[in-house]
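Visitor: Handing you this structure, nothing more for now.
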Amino acid sequence: MMSRKELFKNTLRKAAYAWKRIIELRLTEEEANKLRFYVDEPAFTDLHWGMFVPAIKGQGTDEQQQKWLPLAHRMQIIGCYAQTELGHGSNVQGLETTATFDPQTDEFVIHSPTLTSSKWWPGGLGKVSTHAVVYARLITDGQEHGVHGFIVQLRSLDDHMPLPGITIGDIGMKFGNGAYNTMDNGVLRFDNVRIPRDQMLMRVLQVTKEGKCVQSNVPRQLIYGTMVYVRQTIVADASRALSRAVCIATRYSAVRRQFGSQNGLETQVIDYKTQQSRLFPLIASAYAFRFVGEWLKWLYTDVTQRLQANDFSTLPEAHACTAGLKSLTTSVTADAIEECRKLCGGHGYLCSSGLPELFAVYVPACTYEGDNVVLLLQVARFLMKTVAQLPSGKKPVGTTAYLGLVEHLMQYRCGVQNAEDWLNPSVILEVFEARAARMCVNRAQKLGSFPNPDEGFAELSAFLAEAAVAHCQLIVVSKFIEKLQQDIPGGEGVKQQLRNLCNIYALNLINRHLGDFLSTGAISAKQASLANDQLRSLFSQVRPNAIALVDAFNYTDHYLGSILGCYDGNVYPKLYEEAWKDPLNDSVVPDGYQEYIRPMLKQQLRNARL
């Protein structure tokens with residue numbers, strides 16, 4: 001209920017207080033990160049620690065890291081990540097900001113040649129950041145050398161005023177009440193701003209005093225390691241946001257009663273099959289994303305170790321995998337939070353339900369760090385390349401290993417005879433592999449019929465994106481199944497609940513993407529019907545444990561921020577109490593009564609001050 005200025009200032013207060021506690025308690029980097037996470041509000045610190053510091057770590061030379069990282073770690077400078085422009089986001093190569101080297105002064109001249117080259121959206125830029133990693137087209141001796149990062153000081157460290165040649169401000173209100181309105185997403189323009197040559201991040205490419213570009217012996221692929229890291233954290237965030245939403249919706253569905261009884265208690269909403277068929281697959285998705293997020297953390301560690309040993313063999317697959325899972329999990333989560341709001345009926349629309357705010361905070365994830373459709377097309381390109389290389393005998397690795405069995409999968413016929421057969425994990429896995437493989441081969445064949453591959457890719461892009469989704473869903477299903485093969489605390493009872501959720505996740509996908517499974521011949525219409533029967537049976541098995549499954553996320557009422565999702569289920573008194581706290585209820589007769597309501601009621605509008 002705060003104004004934009006109050007919201008922003010309050011976030012500054014929280015960030016400063018958190019930093020004070022981090023210093024007093026001598027928290028480790030990991031502990032400090034956890035503390036900032038529990039502040040649970042978008043803030044300039046997200047970009048400083050999440051993008052500015054990793055960019056310098058990943059792309060700066062040893063000398064640059066020694067100079068800039070201590071300042072950033074002590075927050076003597078505050079940084080942001082200025083890549084996206086008014087006219088370009090996903091197409092990084094299309095950025096217009098220029099960095100022209102001047103050998104006379106040994107400086108780069110950073111310039112915004114057009115209105116659309118204005119940096120637009122970077123969090124922390126609008127009002128707080130003193131420095132930015134700015135991405136610009138490198139120009140030396142009239143030659144362009146692609147887009148590179150530069151450390152640029154934006155504001156004075158004495159009075160915080162913008163430095164000469166810099167126009168900077170906030171881009172305005174965004175979606176939602178609070179959400180990203182706590183963040184100063186900014187606009188930035190450069191008018192021939194000069195920076196020393198050594199402020200170009202030169203880990204991969206160096207520019208000499210004479211203006212010559214020299215490739216270092218550090219492989220360019222190392223930069224992708226940072227991207228893999230950022231995207232795996234986004235997948236983990238998707239699991240957290242989705243689990244918060246389903247916790248609220250599940251608890252409220254157990255409290256709310258509607259219809260179903262002429263005498264005595266009405267039916268709990270959670271007992272309706274319509275509610276279960278919408279809600280339980282979302283609980284399953286929250287668990288599935290949790291497990292695939294844990295696996296991605298392992299993958300990032302594995303890729304990093306390989307990169308340090310100059311082994312780049314798994315990088316393209318890891319890059320495609322994280323891009324695809326970022327796209328899949330964020331799209332599903334954004335839609336699922338909104339579905340959870342609808343599952344809570346009219347009360348879900350109240351801000352006190354916690355769901356409108358959660359949705360408004362979460363939904364930008366579908367576009368930041370790569371637009372979700374663009375990322376799916378990157379995955380599709382990788383899959384088409386993998387299929388094209390199969391005849392040469394090149395073995396697909398990691399999450400694409402199933403494409404090495406493409407001959408078997410093209411001939412595969414599902415052997416399901418009755419509903420219980422769908423509980424066999426190897427059956428589910430093979431069905432998902434057959435669907436993904438056949439969609440990939442089908443798209444590759446269609447692509448081959450175009451004389452110009454680029455034109456073919458553009459024409460078939462919507463179909464190619466569908467193949468990428470099938471591939472990513474296979475990854476999530478396979479990682480859930482792998483998790484069930486490990487030792488799980490809590491014994492067989494807990495494992496059985498997770499098995500139920502895994503089967504609900506997979507069978508619900510079959511139900512929702514039935515066209516894919518039937519048209520590729522992966523399953524028959526009869527088998528699809530049996531899958532649906534088994535899915536309904538699984539809902540009944542999950543029902544007694546639904547509350548326990550969301551309580552297991554272990555969220556406090558304070559963290560959930562939802563009256564509908566409160567642990568004690570005492571929803572109605574709390575909703576009633578909360579309503580009276582609204583500032584509109586400060587007075588019984590509203591402001592504006594004398595000027596507008598009374599003249600209307602008394603037929604005196606002609607005399608009213610309108």
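Each residue, glycine too, has its Cβ placed from N, Cα and C.
What TrEMBL lists as active site, proton acceptor is E369. If you look up TrEMBL, you'll see T84, G123 marked as FAD binding site. The annotation domain 'Acyl-coenzyme A oxidase N-terminal' is assigned in TrEMBL to 2-78. The domain 'Acyl-CoA oxidase/dehydrogenase middle' annotation in TrEMBL covers 80-193. Taken from TrEMBL, the feature domain 'Acyl-CoA oxidase C-alpha1' applies to 224-384. Residues or ranges marked as domain 'Acyl-CoA oxidase C-terminal' in TrEMBL: 424-602.
Give me the lay of the land around each of these features.
Guide: Using a 10 Å radius centred on the Cβ of E369 (active site, proton acceptor) and all shown protein chains, the other Cβ atoms total 17.
Residue environment of T84 (FAD binding site) contains 19 other Cβ atoms, counted within 10 Å of its Cβ in all protein chains.
Per-residue pLDDT, averaged along the domain 'Acyl-coenzyme A oxidase N-terminal' (2-78), amounts to 95 for this model.
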Visitor: With DSSP, how much of the domain 'Acyl-coenzyme A oxidase N-terminal' (2-78) is helix, how much strand and how much coil, in residues?
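Guide: Taking each residue of the domain 'Acyl-coenzyme A oxidase N-terminal' (2-78) in turn, the totals are 60 helix, 0 strand, 17 coil.
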Visitor: How many Å lie between the Cα of T84 (FAD binding site) and the Cα of E369 (active site, proton acceptor)?
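Guide: Checking the Cα atoms of T84 (FAD binding site) and E369 (active site, proton acceptor) gives a distance of 10 Å.
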Visitor: How many Å lie between the Cα of G123 (FAD binding site) and the Cα of E369 (active site, proton acceptor)?
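Guide: Cα-Cα distance, G123 (FAD binding site) to E369 (active site, proton acceptor): 13 Å.
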Visitor: Going by DSSP assignments with H, G and I as helix and E and B as strand, what are the residue counts for the domain 'Acyl-CoA oxidase/dehydrogenase middle' (80-193)?
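Guide: Split into helix, strand and coil, the domain 'Acyl-CoA oxidase/dehydrogenase middle' (80-193) gives 10 helix, 50 strand, 54 coil.
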